[in-house]
Ligand SMILES: Cc1cc2nc3c(=O)[nH]c(=O)nc-3n(C[C@H](O)[C@H](O)[C@H](O)COP(=O)(O)OP(=O)(O)OC[C@H]3O[C@@H](n4cnc5c(N)ncnc54)[C@H](O)[C@@H]3O)c2cc1C
């Protein structure tokens, strides 16, 4: 199976991003750019499938910023090929624009390779904007089937089957290939690169295209007007009793006073 | 401005978050029409809030069919906005309609206001530490976070119009072939008034029982961060946060939880937050109304006993 993972480059989500007081923009000083967490789950899922069944796993990023490093990190954890479409006109892409650019890039890669992807994976959502729109929109643009919230996938009797996370467990969904599938957190964590795979990925050559080489850029219809600070919650009361019994009775008194119980 | 409100149903029941959309469109003076698919009783319930309802008889048990039904109705009605409650279902369907209609899509909206005829949407980004204010050129598809608007009040019954939609066979590309239930308990975190949630700081499955016990004493629902779920102390249905449930209880007690934004983004709608943590600098304390510094197992044991007394009073 030929699998492609669309990878977004985002600020490291283990660091809390706040608004810069002067610029009123998210302060990304000293925050490294990494592959979106959900995309790394998708990559791990695909690489495990490839290791068990053969086939090929590629990764694709479209964006305005240099993402070579992020893509190389994907190669170091099992992707075989990486593609990059970099263009300054992608700075203000909205989700529809991103889905359009991805669809164009996918068609171009498929043409160049003379081979179609059977499965296209996206993370459920990105950890920066958290819109969760791109995967579903990409399926529409490519006119393929779509399944959201995958926690596993398999091929059974030639059919693509996706386990879709639900409230109570999961649905087994049979979907016509090619399909776009968004990935939630599976039971396992993504692997780490080894020194050897890291060294090898550093030497990799990543085919890079401009927007003009893949298609046209559509103007964003969803526009960010401004970033604002969330309203602050009032600083609360702190109980620092060494004795747990005293701490509990102080807490209960306070909760009663605040009419919380 | 014309708004179409998709009402999510479960059996005859109308999803709480969906009826809040009625208040959301009032806030921007839009003319709202509700859309109910496949459940006549639910259509009646919605009409009793005084909002006209379009009802279609289609059975949309899969998302491809639902997308198709919505697409056909949106094409026919030509609204300026299509609103959804922000649920797993709408996260799947809303962006597909947006792409098909070339409407701008705004997810997880927590506020809307109208300025010079244009709607300004507010939504959290970066795990809720930053809010975005967004405008859309042309028509939009919007998913609204539950608890962001009030529940509407009963009014004179409005009209229900029936519409038929034909689904072409090739519209269905994905089919559910099996439903696997691993979790039998029903966990209604979204509508809970009291939530007692445990984190990695609970230390073990055994200690996590204290969280459940306090929830039981308070008549509340158990919540959890991701680590206790991954460690198998409690099922995934209890996860609160960015990839779990967004909650808005009157009382939220966070036990052994550090306060990572992926968790706190889901609890900021709580009226009153109590946090128990041994680390006096834990980030959770920054959003807690009441911060208790101490060992969570000891505090919980004491609290369970004291709360029993309070409840008996
Ligand atoms: C893409 C993505 C999505 C995510 N989505 C979610 C989500 O939806 N929900 C979610 O919760 N997480 C989510 N996470 C995980 C999240 O980033 C944090 O890892 C998680 O919330 C931390 O859980 P915690 O607070 O229980 O654990 P920790 O951060 O490990 O904190 C444990 C706390 O317990 C305290 N403690 C330890 N022992 C004691 C004791 N004896 N007494 C008192 N206090 C004690 C410690 O001081 C510490 O503050 C997500 C992560 C990613 C990358």
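Cβ coordinates come from backbone N, Cα and C, glycine included.
A TrEMBL annotation is a machine prediction, not a hand-curated record.
The following features are taken from TrEMBL:
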BINDING   B:200, B:225-226, B:239-243, B:256-263, B:277  FAD binding site
DOMAIN    B:3-180  domain 'Electron transfer flavoprotein alpha/beta-subunit N-terminal'
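Projection of TrEMBL feature records onto the structure.
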residue : record           : Cβ within 10 Å
B:200   : FAD binding site : 16
B:239   : FAD binding site : 24
B:242   : FAD binding site : 22
B:257   : FAD binding site : 32
B:260   : FAD binding site : 20
B:263   : FAD binding site : 27
If we take B:200, B:239, B:242, B:263 as the binding-site residues, which have a Cβ under 8 Å from chain A?
B:242
Secondary-structure category, per DSSP, in which residue B:239 (FAD binding site) falls:
strand
Give the three-state DSSP assignment (helix, strand or coil) for residue B:263 (FAD binding site).
helix
